[in-house]
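Annotated features in Swiss-Prot:
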COMPBIAS  72-82  compositional bias 'Polar residues'
DISULFID  C74-C118  disulfide bond
DISULFID  C109-C124  disulfide bond
LIPID     C16  S-diacylglycerol cysteine
LIPID     C16  N-palmitoyl cysteine
REGION    22-48  region 'Disordered'
REGION    32-50  region 'PRR'
REGION    67-88  region 'Disordered'
SIGNAL    1-15  signal peptide
Amino acid sequence: MRALPICLVALMLSGCSMLSRSPVEPVQSTAPQPKAEPAKPKAPRATPVRIYTNAEELVGKPFRDLGEVSGDSCQASNQDSPPSIPTARKRMQINASKMKANAVLLHSCEVTSGTPGCYRQAVCIGSALNITAK
């Protein structure tokens with residue numbers, strides 16, 4: 001009597017192993033596939049804006065005045081780092097580049113206090129120029 005259940009279990013196991021199974025195929029995702037966007041071309045690098053400190057350096061060079069340009073560096077409170085004139089000059093160059101200028105004639109750079117929102121502020125002012133090659 002004990003042999004009967006053992007024989008039945010052995011028969012069932014061998015019967016199941018004889019079944020042929022097809023390999024499982026991966027389930028297709030219902031989420032939309034991200035579309036491959038074409039690579040965006042990198043923005044052209046802006047040409048460097050040269051700073052002239054003396055108007056005599058421009059004698060003999062044809063140029064067009066594009067208007068006044070400025071840059072600033074702000075110290076919000078007395079615990080912040082002090083305002084930097086080199087940072088103000090760099091920001092002036094960036095603003096001139098946005099005006100399609102390739103040079104700036106620097107008029108003045110100074111550190112002031114009492115500007116709303118700033119404990120102290122460095123400001124540089126100049127003229128944005130487009131110098132053409134001869």
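For all residues, glycine too, the Cβ spot is worked out from N, Cα and C.
Each residue in the region 'Disordered' (67-88) gets a DSSP state, and the totals come to 4 helix, 9 strand, 9 coil. The disulfide-bonded residues listed here are C74, C109, C118, C124; among them, C124 has the most other Cβ atoms within 10 Å of its own Cβ. In this structure, C118 (disulfide bond) belongs to neither helix nor strand by DSSP; it is coil. Each residue contributes its Cα atom, and for C118 (disulfide bond) and C124 (disulfide bond) these two points are 15 Å apart. The two recorded residues, C74 (disulfide bond) and C124 (disulfide bond), show a Cα separation of 12 Å.
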